Amino acid sequence: LKCNRLIPPFWKTCPEGKNLCYKMTMRLAPKVPVKRGCIDVCPKSSLLIKYMCCTNDKCN
């Protein structure tokens, strides 16, 4: 699986066991990503932070 880094078009190949791409954004500024990368379990969103997870190459 390949996931985008914080600044596309840079990306990285995920290590074994981390099979989700994720994007973390602040709810007040949803268009500005704070973090991107590979993750094993999609975290729960909170009042301030929203997580978007997906399973396709470079989908974050």
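Just so it is clear, glycine is given a Cβ too, placed from its N, Cα and C backbone atoms.
Taking the Cβ of Cys3 (disulfide bond) as reference, residues of its chain lying under 8 Å away and at least six apart in sequence are, in sequence order, Trp11, Lys12, Cys14, Cys21, Tyr22, Arg36, Gly37, Cys38, Asp57, Lys58, Asn60. Under the heading disulfide bond, Swiss-Prot lists Cys3-Cys21 (among others).
The disulfide bond feature in Swiss-Prot is assigned to Cys14-Cys38 (among others); the stated evidence is similarity to another entry. Residue environment of Cys14 (disulfide bond) contains 18 other Cβ atoms, counted within 10 Å of its Cβ in all protein chains. Mapped onto three states, the DSSP output places Cys14 (disulfide bond) in coil.
Listed in sequence order, Leu20, Cys21, Tyr22, Lys23, Ile39, Cys42, Asn60 are the same-chain residues six or more apart from Cys53 (disulfide bond) with CB atoms under 8 A from its CB. Taken from Swiss-Prot, the feature disulfide bond applies to Cys42-Cys53 (among others), supported by similarity to another entry.
Residues or ranges marked as disulfide bond by Swiss-Prot: Cys54-Cys59 (among others). For Cys59 (disulfide bond), applying a Cβ distance below 8 Å and a minimum sequence separation of six or more within one chain yields Cys21.
Proximity of Cys54 (disulfide bond) to non-local residues of its own chain (separation of 6 or more, Cβ distance below 8 Å) is seen for Leu20, Cys21, Tyr22, Asn60, given in sequence order. Summary for the disulfide-bonded residues Cys21, Cys38, Cys42: the Cβ-based neighbour count within 10 Å is maximal at Cys21.
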